[in-house]
């Protein structure tokens with residue numbers, strides 16, 4: 001059931017579906033203050049407005065792009081070699097790291113020297129790096145020194161999505177350019193619940209947010225392949241995709257394929273939650289081929305090292321696992337250090353107990369040893385490891401509610417308070433932190449979760465799994481959770497962990513991954529609109545204009561899933577002629593509201609009157625016709 005070594009080492013190939021450019025799109029790069037800061041975006045070409053709607057040029061729009069070089073036809077993709085390393089010069093020029101002779105963790109050395117793994121192993125020629133003795137290489141440390149790193153400038157450019165260039169192109173598009181730019185740039189002010197979203201994201205603003213702990217850039221020095229991204233409530237809401245094998249299903253090749261598929265559709269981060277065979281090798285293949293940050297839950301692998309017996313876990317085994325993964329390039333660790341012994345009995349009153357795998361592992365350990373976990377007791381030792389590689393904390397909510405019955409109970413909120421205390425300890429070491437959140441929460445309790453997190457965790461970025469707003473829809477939990485995700489994203493959550501239709505039922509496949517990603521892109525974007533994030537509405541405006549003007553191809557291409565939109569349209573109107581028709585199959589040619597609206601506008605223009613006057617005149621004509629016909633509501637045929 002697991003990986004085929006010969007396939008991976010000798011014939012591993014990229015998923016062809018992941019490297020095709022999206023329709024009418026091309027990869028562009030915006031250069032920063034230096035030539036090696038090249039920020040990727042996706043440019044979507046639009047057709048011109050037809051003469052019947054008053055001819056206009058519609059310049060391309062720019063959207064945030066997470067697909068890395070996979071959708072760039074100019075890039076040579078070979079997953080056996082991995083991606084290029086654009087961050088490596090930035091890391092080296094800081095002169096605060098050293099190259100190690102090889103892996104230093106016991107487990108990493110053991111895997112490297114195991115001849116049985118030779119054909120399975122990713123053939124990495126680069127050696128791992130670590131901070132020089134006494135140095136801190138975290139983005140938070142640089143930010144607090146007043147240093148704007150290339151990573152910070154990169155994410156500032158990325159967050160603005162080339163908005164100014166788009167508006168300038170609109171202004172130059174024709175005689176109505178100024179008016180068109182005003183129209184397409186218009187957006188609702190939004191309600192941000194105290195967030196401080198600026199009109200323009202600058203590198204200095206990024207630096208200040210990271211220094212305060214309100215944002216993080218997950219960027220391990222051993223993951224130079226990534227295109228930096230930022231997580232924080234004053235930035236675009238991000239989404240995380242979970243992948244990973246299990247003891248019963250999936251291979252390394254499938255997991256790499258899921259990663260490239262997830263980032264194609266908009267996954268900002270990916271968590272590898274593998275619990276089956278070859279966890280170390282699976283992770284290496286994923287990291288070397290990932291342009292987005294990769295997270296893990298190290299306790300999963302540590303548990304495998306003790307044959308699944310939680311009570312046999314030790315600090316030494318866990319520490320070795322952290323170093324092993326940090327040297328591979330993992331960008332953020334989920335660590336359930338907030339599961340305290342005194343909180344465990346509180347879960348006895350729950351409907352669904354402890355549903356977090358990491359939380360249940362640590363709860364079992366605490367009960368077996370009747371003392372606080374080694375994660376909690378050695379938290380400052382963990383910080384020392386994190387800052388030597390710039391691994392960010394994702395402080396795990398091991399006591400999150402697994403049903404709406406258990407939402408906002410004393411165990412969940414007790415752990416949240418402890419996570420806030422641990423956050424301040426991490427910040428003392430200049431280590432980046434985000435906080436994980438629930439879970440299963442009914443809609444009316446969601447804002448309380450956000451408010452408590454902001455207060456008790458000192459505005460560290462919140463990262464939530466949904467939350468699911470009802471428990472009655474197995475098979476549709478991407479929807480039950482998407483509702484909660486949109487809400488909590490609006491209230492201030494910085495990153496949303498996707499839920500697929502397979503949640504609670506099985507391991508997701510590629511189709512499920514895409515469904516989860518698209519659902520959560522909708523939730524994140526809806527939250528950006530509600531917060532009033534500058535420029536968030538540009539894409540909506542462009543699609544709405546295309547819809548009104550019956551530019552069908554543009555509607556498909558501007559949307560989050562062009563393939564699905566085109567497929568649905570073509571189910572009933574498959575001919576190419578339908579792609580330029582002024583109606584769809586919902587209303588047909590005679591009842592299309594947008595077509596009728598345009599006819600009213602055309603009539604008004606010909607008569608030299610306003611649309612209101614045209615509608616009034618039309619109503620008067622129809623009233624006269626009604627009286628002349630005998631004032632009968634139902635006419636005899």
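A Cβ is built for glycine as well, from the same backbone N, Cα and C atoms used for every other residue.
Substrate binding, as stated in Swiss-Prot, involves 242, 271, 336, 356, 357, 358, 397, 398, 399, 400, 436, 463; the candidate among 300, 476, 491, 520 given for that site is 300. Of the candidate binding-site residues, 242, 300, 400, 463, the one lying closest to residue 440 (Zn(2+) binding site) when CA atoms are compared is 400. For the binding-site residues shown (300, 463), fewest C-beta neighbours within 10 angstroms: 300. According to DSSP, residue 356 (substrate binding site) sits in a coil region rather than a helix or strand.
On its own chain, residue 398 (substrate binding site) has 336, 338, 339, 354, 356, 358, 359, 360, 362, 363, 415 as residues at least 6 apart in sequence with a Cβ closer than 8 Å to its own Cβ. Residue 440 (Zn(2+) binding site): 26 other CB atoms within 10 A of its CB, across all protein chains. Max Cα-Cα distance over the annotated substrate binders (242, 271, 300, 336, 356, 357, 358, 397, 398, 399, 400, 436, 463) is 20 Å.
The DSSP secondary structure for residue 300 (substrate binding site) is helix.
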